[in-house]
Amino acid sequence: LQLGVAQRSSNLSPRGMCPNGFWATTAGAAAFKNKLPRGSQAVTKGTSAGSITARAASAAAPLHSCPRARGEMAPCRHVSLRRGQQQQQPPTRLSRRRLAVLAVFSCYSLVNAFQWIQYSILSNVFVRFYGVSFAHIDWLSMVYMVAYVPLILPATWLLDARGLRLTALLGAGLNALGAWLKCGSLAPGRYAVTMAAQGVCAVAQVFILGLPSRVAAVWFGPAEVSTACAVAVLGNQLGTAIGFLLPPVLVPNTPDDIDLMAHNISIMFYGTAIVSTLLFFLTGVVFEEKPKYPPSHSQAVLQTVPPEDYSYKQSIINFFKNIPFVLLLISYGIMTGAFYSVSTLLNQMIVTHYEGEEVNAGRIGLTLVVAGMVGSIICGLWLDYTKTYKQTTLIVYILSFIGMVVFTFTLDLGYLIVVFVTGGVLGFFMTGYLPLGFEFAVEITYPESEGTSSGLLNASAQIFGIIFTLVQGKLTTNFSPCAGNLFLCAWMFVGIILTALIKSDLRRHNVNSGIMNVDIKAVPVDSPGDHETCTALKVQSAL
């Protein structure tokens, strides 16, 4: 495994620079803090053999192979150190704006999640209003999943190529546009209009779901990055919670009065449109591309990589060559897809056993998500304190599986209070898992883009969510909710096994804390363009 970061040197004289003027930096290790510019440091973690060669994030050439030495015109990734040279470290500082950025992002993510769930929690109402089947209403939720999969790669490319601010504005703007288009579907027979509007909101979601880990990494320091990611995810969860609670209150089931039903739906649609428009303007005011100073050493390293050194195609290839990430990709998709399926079909499961309890079905969904919000914050704080990513992820996965089994076999007991309790326990662990997956992925794939790792995780979740929702919905309709839930339980057990197989490789944490034992070996490489010797650094890791 090879890993590293290239940066253009700004503090070396021409004779002290590698001929092409690039530094290959390896950092964070206390053993050589005084030998390299600390601001350009990065730590790389070893393979099972205990050794890696630092390299540029987008390059395939090893450090000891100097392009100029081979007569090639390519950036040199070697470090030449001059005796007595004064070392400089770029400052790292936390921006006050970071809290406003996090708050605005969480709010428009909230509105997007609210628009996702507002139809399925009122499935019987919209079936009557639009004169369609339950399957048609289920597709108003599943369109979010369907749109995400083909659009995630263009969206993550846009995030890497055009930056955080433009991506945020697209997410907030499309969210507002979809909300206003829904206001044109306030009449029976306009199902196609509301589906098109929901499709726009689904496209907005593509520019939202992958941002929590990116916002946290770019704006927050190492002691708060996991908590910030949890809060960003919490915004989406809170939107789902409000989507469970508010629509049944705003739009009670009035099957004998379609005009009243249309009026109640209009209140919900227009209110959502006004709020989402306000948040779009706030996004334009608050969001900046990045803070003036990087919040951590790992970000300081990444921000100095020349843009021409980055290859999106190579980054995607690196993700799929990373076996721990591939295992996490599948296990995260299973867990989150199961959550999407349960959320979409919760109303049908509840009213099957408790007829006429649509309002309580929404409250159970609220309980599930609010408990998950608490779980997310606790998990984020725990990760910032302990950095035990794999252990925490595995334990939460096992407890989610147990919660799903208990929920399945207590759903038909005839006591709603029991469903409230078991739903809360299920939500605490299942929803609390979401930020764990994001942060674990960033750790094991650093220095690859946080937005791309999160986007791929979400794409996996959407694929599994579509499959699980269709299969569980069919099992629930043809047999019983118990059959559908047991189907999810079986897949979650598979996810536990895959999570246990993930090798914990906390690369970003190593950069920020310098916990590795390293030895530096100098490998002289003669350059035909300069008689000075380029020195390649090879990092030996004891981890």
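Glycine too: its Cβ is placed from the backbone N, Cα and C atoms.
TrEMBL: automatically predicted annotations, no manual curation.
Positions annotated as transmembrane segment by TrEMBL: 99-119 (among others).
Among the features that TrEMBL reports, domain 'Major facilitator superfamily (MFS) profile' is placed at 101-507.
Feature annotation from TrEMBL assigns transmembrane segment to 139-159 (among others).
Long-range contacts of the transmembrane segment (166-187) within its own chain (CB-CB distance under 8 A, at least 6 residues past either end) are made by residues 105, 108-109, 111-112, 115, 155, 158-159, 193-194, 196-208, 211, 262, 265-266, 269-270, 272-273, 276-277, 279-280, 283-284, 287, 451. Here TrEMBL flags 166-187 (among others) as transmembrane segment.
The transmembrane segment annotation in TrEMBL covers 193-213 (among others).
The transmembrane segment annotation in TrEMBL covers 225-247 (among others).
Distant neighbours of the transmembrane segment (267-287): 97, 100-101, 104-105, 107-108, 111, 114-115, 118, 164-165, 168-169, 172-173, 175-176, 179-180, 182-183, 185-186, 246-247, 250-251; these residues of the same chain sit at least 6 beyond its ends, with a Cβ under 8 Å from one of its Cβ atoms. According to TrEMBL, the transmembrane segment annotation covers 267-287 (among others).
Positions annotated as transmembrane segment by TrEMBL: 323-342 (among others).
Among the features that TrEMBL reports, transmembrane segment is placed at 362-382 (among others).
As annotated by TrEMBL, transmembrane segment applies to 394-411 (among others).
The annotation transmembrane segment is assigned in TrEMBL to 417-442 (among others). Residues 212-213, 217, 225-226, 229-230, 232-234, 237, 325, 328, 332, 335-336, 338-339, 342, 350, 363-365, 367-376, 378-380, 383, 389-390, 392-393, 396-397, 399-400, 403-404, 406-407, 410-411, 450, 453-454, 457, 502, 508 of the same chain lie 6+ residues outside the transmembrane segment (417-442) yet bring a C-beta within less than 8 angstroms of a C-beta in it.
Annotation comment: TrEMBL describes 454-471 (among others) as transmembrane segment.
Residues annotated as transmembrane segment in TrEMBL: 483-502 (among others).
The largest share of C-beta pairs under 8 angstroms with the transmembrane segment (394-411) comes from 483-502, of the ranges 139-159, 225-247, 323-342, 454-471, 483-502. Listed as Cβ neighbours of the transmembrane segment (99-119) (distance under 8 Å, sequence separation of 6 or more from its ends, same chain) are residues 126, 137, 140-141, 144, 168, 171-172, 175, 178-179, 182, 194, 198, 201, 204-205, 208-209, 211-212, 215-216, 219-220, 228, 231-232, 234-240, 242-244, 246-247, 268, 272, 275-276, 279-280, 282-283, 286-288, 343-344, 365. Segment contact holds for the transmembrane segment (139-159) and the transmembrane segment (454-471), given three or more CB pairs below 8 angstroms at sequence separation of 6 or more. Long-range neighbours of the transmembrane segment (483-502) within the same chain, counting only residues 6 or more positions beyond its ends whose Cβ lies under 8 Å from a Cβ of the stretch, are 324, 327-328, 330-331, 334-335, 338, 341-342, 345, 349, 390, 393-394, 397-398, 400-401, 404-405, 407-408, 411, 440, 444, 464, 468, 471-473, 475-476.
Same-chain residues lying 6 or more positions outside the transmembrane segment (193-213) and placing a CB less than 8 Å from one of its CB atoms are 105, 108-109, 112, 115-116, 119, 130, 139-140, 143-144, 146-148, 151-152, 155-156, 158-159, 164, 167-168, 170-175, 177-179, 181-182, 184-185, 229, 232-233, 236, 435, 438-439, 441-442, 450-455, 458. Ranked by the number of CB pairs under 8 Å to the transmembrane segment (225-247), the listed stretches 323-342, 362-382, 454-471 are led by 362-382. Below 8 angstroms of C-beta separation, residues 117, 121, 226-231, 233-234, 237-238, 240-245, 247-249, 342-343, 346-347, 350, 388, 392, 396, 416, 419-420, 423-436, 439 of the same chain, each at least six residues beyond the ends of the transmembrane segment (362-382), sit close to that stretch.
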